[in-house]
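Let me begin by presenting the structure, written as structure tokens, before commenting on it.
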Amino acid sequence: MSVQEYLDKHALSRKIEDAVNAAVRAKTSDPVLFIANHMKKAVSSVITKVKARQIIDSRGIPTVEVDLHTNKGVFRASVPSGDSSGTYEAVELRDGDKEMYLGNSVAKAVKNINEKISEALIGMDPKLQAQIDQAMTDLDKTEKKNELGANAILAVSIAACKAGAAEKEVALYKHLSDLSGRANMTLPVPAFTVLSGGNHASNNFAIQEIMILPVGAARFEEALQWGSETYHHLKAVITEKIGNLGCNVGEDGGFAPDISSLKEGLELVKEAINRTGYNDKIKIAIDVAATNFCIGTKYDLDIKSSEKSGQNFKSADDMIDMYKQLCAEYPIVFIEDPFDKEDWEHTKNFSSLGICQVVGDDLLMSNSKRVERAILESSCNALLLKVNQIGTVTEAIEVVKQARDAQWGLVTSHRCGETEDSFISDLSVGLATGVIKAGAPCRGERTMKYNQLLRIEEELGDQAVYAGEDWRQSL
């Protein structure tokens, strides 16, 4: 084949002429680079390869990482993991071989990506997120993604989302906003973990975490500053009152002193906020995770103390009285999982009081059927969004829409086993969830989520909107 025949076969003469004309119109100083980029943009992107590997998360436990290749680049994603898997959430596939990472290795999930998912997705357009996610769901054929593993499917789903944004030449948060059909994007209020307990720390504190929300800040950058300052003031308060050992941290980076009660923890946080001088501009939230210390229908707030456990049970009504008192004494704006995950009745009773926002995590597990029930029964009024409980980006967008249509609040959340992936930062902005939980303002796998939000705010410039006092109004 001659050169001319080759040019004619692929219509290259016209394409090259178009690229040169574009370079002339742009008056570019580097025509070769401009023409090369112009020609590259003219080629539609498709998925050419999907390669997975096993990495470890912030707890030293294996998880899945994916490199998704297109003819425009390579896009990486890794998935987090929780300390437990709920009955109603998508299944995280692990090998169960006690000789490998104590049974926690994810070689099967990695193999499913490299041998099954990759083959199914090659040639697909990365912009078509819903079609990609549906292809994987169809390949799995189970309701909870038992076959391929939600950890396998989600890693690919997030990587494809990043590739789709790159193909459109827009930021990831803008692509997510487009996928959700929303026009407005909002920087979320960070709910910083400052005290850790429950399953996330080795102290005797049964409550999972106490958080602070800088709702009075004008920008996310200022909110991050206030959160960091409060965190360090809290360290000083704990050192003074309890000692240096009280400054050890839990899995999310919150301090983990041995405190005797929720009220004692709230007093420590209140003192730290007072020292910052921001006072009423910083609010408090609590993740009770009550399922972890529910025994039958009673709650043992001393369950982690070998000396006190079993001596002072509280009924669900007692818990409501305690929450009412604490909300009257402290600036608490939301309580997460105040009761056992199957105690719909008392969750509803407490929500109906309107004292604070009631966030469903273990109650809902980001499961659309559980969310539907909670909406119908008015059980709670906010969704904690954990993408790995669902398994795909598309399903995450759908459950957020479901909650938003019910005029619920929305909280995007990390997991205790995190990675160096900051996807949830872009997700929280693109879906305008109002609040993001990403742990303490320390530890790299946590701070990179907050640092990504700083970059997004900077990139948006004058168009950046911080949720601030309107954090509940994520409609």
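Placement of Cβ uses the backbone N, Cα and C atoms for every residue, glycine included.
What TrEMBL says about this protein:
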type     : residues         : note
DOMAIN   : 47-176           : domain 'Enolase N-terminal'
DOMAIN   : 184-474          : domain 'Enolase C-terminal TIM barrel'
ACT_SITE : D252             : active site, proton donor
BINDING  : D287, E336, D361 : Mg(2+) binding site
ACT_SITE : K386             : active site, proton acceptor
D287 (Mg(2+) binding site), number of other Cβ atoms within 10 Å: 28
Taken over the domain 'Enolase C-terminal TIM barrel' (184-474), the model's mean pLDDT: 95
Chain-mates of D287, E336, D361 with C-beta within 8 Å of site centroid, Mg(2+): Q208, E209, V288, A289, I335, D337, V359, D362, L384
Rounded distance in angstrom between the Cα atoms of K386 (active site, proton acceptor) and D361 (Mg(2+) binding site): 8
Count of other CB atoms lying within 10 Å of the CB belonging to E336 (Mg(2+) binding site): 27
Rounded distance in angstrom between the Cα atoms of D361 (Mg(2+) binding site) and the residue listed as 'active site, proton donor': 16
Inter-residue Cα distance where the pair is D287 (Mg(2+) binding site) and the residue listed as 'active site, proton donor', in Å: 12
Sparsest-packed among the recorded positions, when each Cβ's other Cβ atoms within 10 Å are tallied, from D252, D361: D361
The domain 'Enolase N-terminal' (47-176), counted residue by residue under DSSP: helix, strand, coil: 54 helix, 26 strand, 50 coil
